[in-house]
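Participant: As annotated in TrEMBL:
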- C:12-33: transmembrane segment (TRANSMEM)
- C:53-75: transmembrane segment (TRANSMEM)
- C:87-104: transmembrane segment (TRANSMEM)
- C:110-128: transmembrane segment (TRANSMEM)
- C:140-160: transmembrane segment (TRANSMEM)
- C:202-221: transmembrane segment (TRANSMEM)
- C:249-270: transmembrane segment (TRANSMEM)
- C:276-293: transmembrane segment (TRANSMEM)
- C:300-317: transmembrane segment (TRANSMEM)
- C:329-348: transmembrane segment (TRANSMEM)
């Protein structure tokens, strides 16, 4: 209580937000169990927890998307009912969603005003908003061109528009849901500066994230959630990433990957002058070249949308390209006429795709069907020319689930009913146990709980130690830094440079990710 | 007036049919439904007239599916309805199989011949009636070009067309007859919009008399002809009143009379081949106050003479269906 | 993990839907001054009360099984095949050509040949929309609808100009040779001493339909092709990742769909009318959509739903015959069933789910 900064215009010492005994169940799943939390006015408060810990549910209740089964909400000390987001807005709560809710072909100004127009005529609202926007830009470093179309803005700027939208609606409490997921490190730093400025003006900020480093950097207090329960609120100064991780998972977690130096062998994958133009005519890959050798992990860093996805799709056999790719010295077809995902697999390429929910798995399929997915032509999975051997697949699945610690180990459970981490383990089990020469891994730990991250990283390193080549694509710089033996940074369809993890730092990589190629030293 | 009567008749028949007793007559309408403004409706009118005049009751059903033809026939026969009238040539094969199973029941099929001892087959000499209206069309036409709009493209309609052309050529050997069929599916019987379009197209080619043998589609033909100020010729029932001054005449085909007669004769009706032609007024051309001014004496004399000659056999109008060809087309 | 038990999902919800549809239909019947209880009695007796009634109900159900399976297999590949009507009509053409080409000595020879003819013609008719979807991105719903119209025009043309027997008024082929006559239930059951109505149109095609249900199940849940079809249907991006060709799956699943729709002609053309008539499909292709939706694209569900719609068709005919309920109203009743089981499914589902949750909580 004594830490709460006393604000001139607010004499009350009541917390900005207080939740008491919030519970919410979705069917048999208890998403929030008797959660109480208090956020001081003018503080940046972090909420951490693994996927499915109930962070998003809690915030959705606060923002009026869900109705709590039990519990009370106090805003500024007053008990407030929030039946819908309109009520949340009038209570001074603003939310910046993970996926922006902006109208792409409207201008910044129009987006800010949209839904908060003063009268039937647009002109006065727009003029008012323009004035306010200029003030806010000065005050908080929230500069955005008011007349720019959203679709022409960078992700970082779009996020600023979301913040402006909330401020335009007089938000005193700002909730940000995983705000840095799509930002470069520089953009993230800028965002944090904005947040600090807002805090200094007396705004209260709730930051939901799974990145422990951000919590440590920017928050004043942090609440940890695990399996729908609140596991306590601590001052950030009194904790450490290791401590937070342990609280989140409920056991000790290794945040650093344990690995020996790589012993690179012969070149497995050679890529020369690879170019991809998508169906809309946009050039996605502008002639990239690199190679991956046996026994090493090549990490591709970069903000998402800079060509990494297309690179994986070409290698995985479901995107066409021009250029030249050799695997184990054999050329592979890039036209798509003579090859597909099946022939790539036959050539020894396994692929853990970036988006496991849309690519790697079929969410409505049972685990055993997903284990056969992509390998359904494998003779071991078929009784004869006609019929599949479902029993054999299920038996194989049971083994894989045990070896990869998939929980619950039930082959008949649909993929959508597993947690993110266990879904990813199913994909990994399927791909790694094929004993590939080259493993493509995209975003291996996106949306995966910390406990599973550890396991997944160990598996990838173990495969490397067996002398396999691994191409790792991740937007998480930390992951790239800790797993890779070599790092290539992609920006705008090009490779901006290659670095060794020991000889670079996040700052330099961040510059490369932003397209700046001036090496500091 | 007629509409009112139809409604009253329908209401009466609905109310009565629920309590219909054994040996009441029955009628089965074809897939087009009994309010198709054409064939089925004419049959319904005949049945209703019988019910009104005699106070009798009858059973009825409108088919929904081909498989129901035999089903409906059989169920009515089993329940004792007698006679059972079916409106439409499509019943032929169903009747072929059902009739022998119910030798004591009398069946009447209209527009088709089924050779069974307990079946009366009623056919109309549409070619003769069409010849007469064709004659009138040929005489009325100033451009020397007349039109024909058929409904569904089936031999029966070609029979109309062929008779019509023969009549036109008898009046004016150099005349040009434009022929169009509305379609090849049953929906062609009920597409007045397309009927109007075809008429307009024929007018643009010079036609100034158009004969519609197309069921509900014909209403569009008659309407367009009236709008464009040319003559039209109606079909089946007397349609002269629809557009007085524009409808030159109508080729009447008395399906209602066939049904009325069958119901009146009841279970004792005579079976066999029953041809309704010019001689027994089964077909003809309509003359009433609505087209009195349109037909001059010369035309009346010519058409009456032709009628007499056909009845006497002096003129033989070729029947398209006898050999599926038409010598003048 | 599911929100409610499977039996509720599969049985209870359709049952409530049906009940609602029938209650509403009852009100409509009441509104035109008839007794709904008499009406339902007429329908049930007329469709299940005698072997003759069963014969008609199963005959219609056989049609709907074929078209329902056709729509269902396309659903598994997330294709909405609205063209069952046209594919069944063209399938009928295949049957007619096969049956008329040879003076068949016995049905055991004619049936397999006609089956192949129906399947090839139906599949061929589905092939063009499938190709346009797979290669040109033309939406399958639009193209299959258009192909229904094209098939109607084509059949009309062929029946009037090419296939019609000279001298016959109706646009229909001549009767098939006696050797192409399929055994009816009466003939099939007589050797076992079971008396079945001689005149009901149900025939051996019903067994063919059951066989197709079984093969459908094997194909979808036991073969690699079925696995690929389901994968593609659930997620096209995932299928591409796995190396399953969208083009191939669209083409193959649509061709199987068209073949199944075409097989319907074995029942109505070869089994019932024994000649090809115009407009022989009579909307069964569209009923198939409702059947597949209600049957959840599972062969058992399709079978049950087809039986229901067979009952509605036959019961509706009886309603018209004996109660003088106009056929338009019978169509209204059928439409209500489709509306409640298909379109308004979620209206019932949500409250029932909530009820189950409440109940569960109280028990827990």
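In case you wondered, yes, glycine gets a Cβ from its N, Cα and C as well.
Caution: TrEMBL annotation is automatic and unverified by curators.
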Participant: Out of C:12-33, C:110-128, C:249-270, C:276-293, C:300-317, which stretch has the largest tally of CB pairs under 8 angstroms to the transmembrane segment (C:329-348)?
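Facilitator: Per the Cβ count, the answer is C:12-33.
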Participant: The transmembrane segment (C:249-270): which same-chain residues, six or more beyond its ends, come within Cβ distance under 8 Å?
Facilitator: 59, 62-63, 66-67, 69-71, 73-74, 76-77, 79, 81, 83-84, 87-96, 99, 110-111, 114-115, 118-127, 129-131, 133-134, 140, 176, 180, 182, 203, 205-206, 208-209, 212, 216, 219, 225, 228-229, 232, 239, 276-277, 280-282, 284-285, 288
Participant: If contact means at least 3 Cβ pairs within less than 8 Å, sequence distance 6 or more, would you call the transmembrane segment (C:87-104) and the transmembrane segment (C:276-293) in contact?
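Facilitator: Answer yes: the transmembrane segment (C:87-104) meets the transmembrane segment (C:276-293) with 3 or more Cβ pairs below 8 Å.
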Participant: With CB pairs under 8 Å as the measure, which of the listed stretches C:53-75, C:110-128, C:276-293 comes out on top against the transmembrane segment (C:300-317)?
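Facilitator: Comparing C:53-75, C:110-128, C:276-293 against the transmembrane segment (C:300-317), the winner is C:53-75.
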Participant: Near the transmembrane segment (C:110-128), which residues from the same chain, at least 6 beyond its ends, have a CB less than 8 A from one of its CBs?
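Facilitator: Contacts of the transmembrane segment (C:110-128) (Cβ under 8 Å, skipping residues fewer than 6 from its ends): 70, 81, 83, 86-88, 90-95, 97-99, 102, 104, 143-144, 147, 151, 179-180, 182, 204, 208, 251, 254-266, 270.
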